């Protein structure tokens, strides 16, 4: 059962370089990224963009929009470099496309931190059955 859970988390946590994104989320929020955000709301995890349930879910919606704009990089395969300086994420590296991906992940981690006060534990495991499509554009 534990192996199944670990595999599910690896598949569901948001797209991109999971190690780097997970570190950013933990650094900004102090929360375990997989268990706190992997299945949160209607937009965190796999699937298309849906009507956000709250501000935290909107962070995931905006992250998917940010990834949609990326060019010449694969958020699933590619990785980037960043550092944690004076409690701030600093995207690095010479590749502008990877830096752009890093900025998407940075924005999501900061968004999660800025919305910790509205984080709803009841929404952290949402199977997306009652999520509605949205006409909201990126």
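Positions of Cβ are set from backbone N, Cα and C atoms, glycine also.
Residue ranges 108-120, 121-133 are listed, and Swiss-Prot annotates 121-133 among them as region 'Important for membrane-damaging activities in eukaryotes and bacteria'.
Its Cβ placed at the centre, residue 104 (disulfide bond) has 25 other Cβ atoms within 10 Å.
The recorded positions close to residue 138 (disulfide bond), defined as a CA atom within 10 A of its CA, are 66 out of 42, 60, 66, 104, 121, 128. Residue 133 (site 'Cationic membrane-docking site (MDoS)') has a Cβ environment of 10 other Cβ atoms inside 10 Å.
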